[in-house]
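If you look up TrEMBL, you'll see 9-185 marked as domain 'K+ potassium transporter integral membrane'. Sequence annotations record features per position, and here TrEMBL assigns transmembrane segment to 12-40, 69-88, 94-114, 121-144, 150-167. For 201-375, the entry in TrEMBL reads domain 'K+ potassium transporter C-terminal'. Feature annotation from TrEMBL assigns coiled coil to 322-350.
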Amino acid sequence: MHSLNQFQVRPMYWPMFVVSILASVIASQAMISGTFSVVYQSLSLGCFPRVKVVHTSANHEGQVYIPEINYFLMLACVGVTFGFKTTVKIGNAYGIAVVFVMTLTSALLVLIMIMIWKTNIFLIILYVVTIGFVELMYLSSVLYKFTLGGYLPLAFSAFLMIVMYVWNNVYRRKYRYELDHMISPARLTEIFTNKNISRIPGLAMFYSELVQGIPPIFEHYVSNVPALHSIIVFVSVKSLHVNKVPADERYFFRRVEPRTLFAFQCAVRYGYNDVREVAFEETLITRLKEFIQEETWMQIQTLSIGGKMTETGRESDREIEHNEISKAKQAKEEKLREIMEQEIEQVEKAWEEVGIVHLIGQNEVIASKESKMMKR
């Protein structure tokens, strides 16, 4: 009987071995890709420390590779295998992870049904009673495995939650500091008109988190490098809590007054599933020239409306002053168009002949001496 069982089992050993290896490879690739996707979206929402993201496909969105996370997964895999040594504990950890994911997904779906879909309350109760009861039953059936290896996914989750919370908290504190210490318009004009600071050809981009206002890093730069480029653009890259941002709504410009400073603020907005374009500089320059044209057109439209209001208010002598008003308005329009052409030409010259300088400030957030242990 023993030899018969061996004869029956051995022929299936190697086929099952090959199938199990292939299944492990597929499952590991799915886990790695899923981890890369989650980390990439967490980066877009400002909830994870900055890591290098490599886009592996030029034709398909969302295919990313993150070297640091890949090495972390490798070390975690080796550590779990070395620590548990048997597949029983790994299976316990896997079972609790799967059931917790199912339960949390159902709980979040209830929130979506209430807040977004506005589902009928009776359907929500029916869903909770049926699906929730079954999943809670599954969850209660695997909780006894917590001390037998099931604690692992919860420990990993707690570690990642702490990292994400600390990063997001520091990120918000840094943003509040920049918001409280941004440069006032009077101080900005004083910096630009300072005779000790020379204007050099080219276009400089200062990156900060501020959508409105000039970041304090700009004054720090001027104090160390007494030279400013002829065109200044303060760029703020923002990730919105939406899936995608249309390309025509991605760049939002605003001129820094007065006009003679030739400085702009630009908010670049992405959704968490948007892929950053490769030709970022070229697209920004194109949008900047379009903004200058649209701004000039709006000013011309304002002059036309103001001229009509003036004519309506002076109906008695409109025939006498009509030509003078038209000539003055036409002169202003021609002056605005001339300024627009000069600015666009200057932008093109800076882009094609001199180039763009990217200036990124490095900030450090340090807890004060009187801070408590939790804040540190």
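Just so you know, glycine gets a Cβ as well, placed from its N, Cα and C.
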Overall pLDDT for the coiled coil (322-350), taken as the rounded mean: 80
Distal contacts, the transmembrane segment (94-114) - CB-CB under 8 A, six or more residues away: 123-124, 127-128, 131-132, 135-136, 138-139, 142-143, 145-146, 150, 153-154
